[in-house]
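What follows is a single structure, written as structure tokens, with notes after it.
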Amino acid sequence: MYAGLCVARCFADRLSLCSVKCPCHGLRARIEVVPDNAKGLIRTAPGPTSTQARLPEFIRNCPHATTIWWLLLLPHHRDPLAAPTLLKMIKGRIFQNIRVYWLAFIVYWGIVLFGYDTGIGGGVVSETYFKTHFGLLNPDGSTNTAKANAVSSNVVSVLQAGAFFGALGSAPLSAAIGRKWSLLIFSIIFSVGAILQTVAGGSRGLGYIYGGRVVAGIGIGAISAVAPAFVSECSPKEVRGRITGLFQIMVAVGVMISYFINLGVSIHVKSGFGVWRIPFGFQLVPAGIMAFGLLTVKESPRWLASKDRIDEALANISYLRRLPPDDERVRYELAEIEAAISEEREARRDLGLKEAFLAKAMERAELGELLCPSNFPIGYQGVSNSLLASGIYGIVKVVSTSLFVFFLFDTLGRKRSLFISAMGMGILFFIIGALLKEFPPDTKASSPAPASKAMAAMLYIYVCFYSMGWGPLPWVYVADIFPTRTRHYGLSVASASQWLFNFVLAKITPTLITDLGYKIFLMFAAINIGGMAIFALLIPETKGRSLEEMDIIFGSVQADKRNANIEKQERVFDSHAVDETTSEKSEDKNV
């Protein structure tokens, strides 16, 4: 046969899917005649012509004794060089996982709220009519800077405070009723907060906005903790990073939408309650899409398995993978999940939240609590030109994040991407700090100086580096590393820590900028450069590994024991299948 599009994985002599040992990640293939079920390894190698350069070749006698399962079989009369194009293979991979992409698309509308609510507050407070209506002007008509800054800070920070408590409180409900239904409840909670913000005005003062922001924050915080776990648990390992990484794309989309809605309101709505009711009311659109869309998706098969609802877990894996329930790949995935859950139950007897704080779990939690000084500036935007610049910044962020997630995420890997991202951001922060020191901006100048333009350019380059590491990867990595029984607790703690840091940064950033000036960027540079050492020494690579394999990576279980438990579970499934077949035959005879 002709071989192409390798999707094999090293399982000794087992015949099963693979992406770990194939550098092409199943996207490119050099067509070559190989024996059926041949053992070997795929590696990249230069071809005889430039058009064949860096195509994988089949290496026999691989020491890993990998059994290669060839998905694409071409007839002998076909030209071996007429391999499927990269684009066709990507389309095939997306179509195969279309139901998982749909699930992520629906769930991550809640993450659009994350970005939208983070970016909307500062622009609303900056509007003149808002200041007039809520008493933020002096008697002479000028802005009362102290009051305006306090309200702007409060609008941003109370949301983050609510999100902190929402993230912490999300785990028990997610563990009890599942990811799908808990997200539906959290979207309803958020909608209540959005309504409170929208109806503010007249006799309903700032208290409605503050209260609504707190309630909405509780919903957003809970969604930010549960959504990555839900998507990660439903995604196949070959593209889990790409699908889970949609999280950051949707955050960037939400921030971008908030910028342009603020800009549109500042241009077209000069007065009236619409100045804040339009931006705050728009929150109900993503919340509604998510709430109704959740009715079309399946529950996490890993959560179902943890509740001993094995038949439902098998059915959902089959549905999500678009494969029959008796397919070997579906059976193996369920056996792997069951083996991991049984090991967790054997080691930890119903410890719940306490289990997330044990030594092995804390090792994973500490890796998940990553801090990047990128979210704090977006809450303090003004109007007019600054909003337009922020909108362009948002577009750059969406495009750069999308390019990385779809084309580089599962190629570079988590560890390397974080390292490169931290290095790039550290260098850029250092350059910005140096430019600020040597060429401080002249506020009285009629046009920006060249140094100011250079610093603005550095910020656009910065967001590109941020988008390939610190933006999407912390959420993906944290969703990767926790075991099923504690994933909701681990993500709850990690998400809460992120919101806590954002809250602190929102309160102290104006003071830091005033007191430290250019030194704050040098401080950020040092944080990022220090992060490079952490990534190099402490963070293991999780690319291409199943969620259950994280226990092996972090030393919670030995590989031999895991393989033995998987085989045990498969024998149980096989015996059940035989019993069902025998029962059906006996029923047919009786009929």
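Residue positions begin at 1 at the first shown residue.
Every residue, even glycine, has its Cβ placed from backbone N, Cα and C.
TrEMBL: automatically predicted annotations, no manual curation.
What TrEMBL says about this protein:
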DOMAIN    103-543  domain 'Major facilitator superfamily (MFS) profile'
REGION    571-591  region 'Disordered'
TRANSMEM  98-116  transmembrane segment
TRANSMEM  150-169  transmembrane segment
TRANSMEM  181-202  transmembrane segment
TRANSMEM  208-231  transmembrane segment
TRANSMEM  243-261  transmembrane segment
TRANSMEM  273-297  transmembrane segment
TRANSMEM  387-412  transmembrane segment
TRANSMEM  418-436  transmembrane segment
TRANSMEM  457-477  transmembrane segment
TRANSMEM  520-539  transmembrane segment
Proximity of the transmembrane segment (243-261) to the transmembrane segment (457-477), 3+ C-beta pairs under 8 angstroms: yes
When counting Cβ pairs under 8 Å to the transmembrane segment (273-297), the leader among 208-231, 418-436, 457-477: 208-231
Within-chain partners of the transmembrane segment (150-169) [C-beta distance under 8 Å, separation at least 6 from its ends]: 117-118, 121-122, 124-126, 134, 136, 186, 189, 193, 206, 209-210, 213-225, 379-380, 492-493, 495-496, 498-500, 502-503, 506-507, 510
Leading stretch by Cβ pairs under 8 Å, where the reference is the transmembrane segment (387-412) and the options are 98-116, 208-231, 418-436, 457-477, 520-539: 457-477
Long-range Cβ neighbours of the transmembrane segment (418-436) (under 8 Å; 6 or more residues past either end): 372, 412, 451, 454-455, 458-459, 461-462, 464-466, 468-470, 473, 477, 517-522, 524-529, 531-532, 535-536, 539
For the transmembrane segment (457-477), sequence-distant contacts whose Cβ falls under 8 Å of one of its Cβ atoms, 6 or more beyond its ends: 228, 232, 240-241, 244-245, 247-249, 251-252, 367-368, 370, 372, 374, 393, 396-397, 400-401, 404-405, 408-409, 412, 414, 417-422, 424-425, 428-429, 431-432, 435, 494, 498, 539, 542
